[in-house]
Amino acid sequence: MNDMGLVIVGAGGRMGQTLIRTVHAMEGVRVVGAIERSGSPHLGRDAGELAGIGIINVEICDEPLSVFAKADGVLDFTTPKATVEFAGYAAQARIVHVIGTTGLSGEDEAAIAAAARHATIVKSGNMSLGVNLLSVLVKQAARALDAADFDIEILEMHHRHKVDAPSGTALLLGEAAAEGRAIELADKSVRVRDGHTGPREAGTIGFATLRGGSVVGEHSVILAGIGERIVLSHLAEDRTIFARGAVKAALWARGRKPGLHSMLDVLGFTENSDQAR
């Protein structure tokens, strides 16, 4: 099979440049397009040159549909508004769309689900293999430890430039904990504590958010009991782990029928992992 041709959207950003470098270095994939917003100072530049790997003869442009039409897939770590737009273009082009964008609203999620009728979409709050394995462990722990005996708190820290909170990864881990306890996260989530809050409500899942410096991503799920605590953690040291996970997801999705998938499908933790091609 020929190398999978991938488009990098948001090519001028930190993650976009990481994706360009990662795809260029990995076997089985190649960069065939790079997209930036209209008016970006990066338009017209070579994507490889921008990413520091030399000329790769891929010019950064602002015409996604024409580029998508000549590609096999798109890697997307942009903004909610842009991701919804790219999902529509990917559906028109009938290609793979890997989404690592966080901060999506319910309306955004619905638009992406609609696009998945025509595109093969893999979406996750975190593309790293380690975090997705962690989510499985969190679900198992939450199921095994009774809510009356163990409280669940999720602590996350990211760099000072991150704009959404809690992080998509923290919410992914919260959903895993909620699934383990057979509850709805929306009903039991506690995002803010300030002033006189009263005692902790049993069965809730708390979130604490830290921002500062250049931290790539740190997440801990704390199951706190009487006299003991279990802490399940993941520390991201390099954005490349997210890029490699996204490429793995794209290769997994290639040739599969349209639909909406997660990294748990890619890693073989769900029934969808064996979906017929």
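Any Cβ shown, glycine's included, is placed from N, Cα and C.
If you look up Swiss-Prot, you'll see G10, A11, G12, G13, R14, M15, E36, G100, T101, T102, S124, G125, N126, M127 marked as NAD(+) binding site, on the strength of sequence analysis. According to its DSSP assignment, N126 (NAD(+) binding site) is coil. Around the Cβ of N126 (NAD(+) binding site), 27 further Cβ atoms fall within 10 Å across all displayed protein chains.
DSSP assigns R37 (NADP(+) binding site) to coil in the three-state reduction, outside any helix or strand. Of all Cβ atoms in the protein chains displayed, 14 besides its own lie within 10 Å of the Cβ of R37 (NADP(+) binding site). Here Swiss-Prot flags R37 as NADP(+) binding site, drawing on sequence analysis.
Secondary structure from DSSP puts H158 (active site, proton donor/acceptor) in a beta strand. Per Swiss-Prot, active site, proton donor/acceptor is recorded for H158, and the stated evidence type is sequence analysis.
There are 20 other Cβ atoms within 10 Å of the Cβ belonging to G168 ((S)-2,3,4,5-tetrahydrodipicolinate binding site). The (S)-2,3,4,5-tetrahydrodipicolinate binding site annotation in Swiss-Prot covers H159, G168, T169 and is backed by sequence analysis.
Shown in sequence order, R211 are the residues of the chain, 6+ apart in sequence, with a C-beta less than 8 angstroms from the C-beta of K162 (active site, proton donor). Residues or ranges marked as active site, proton donor by Swiss-Prot: K162.
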Tertiary neighbours of S124 (NAD(+) binding site) (same chain, Cβ under 8 Å, six or more apart): I99, G100, N132, G168, L172, A249, S262, M263
Binding-site residues clustered about T169 ((S)-2,3,4,5-tetrahydrodipicolinate binding site) [Cα within 10 Å; pool: G10, G12, N126]: N126
Cβ neighbour count within 10 Å of H159 ((S)-2,3,4,5-tetrahydrodipicolinate binding site): 13
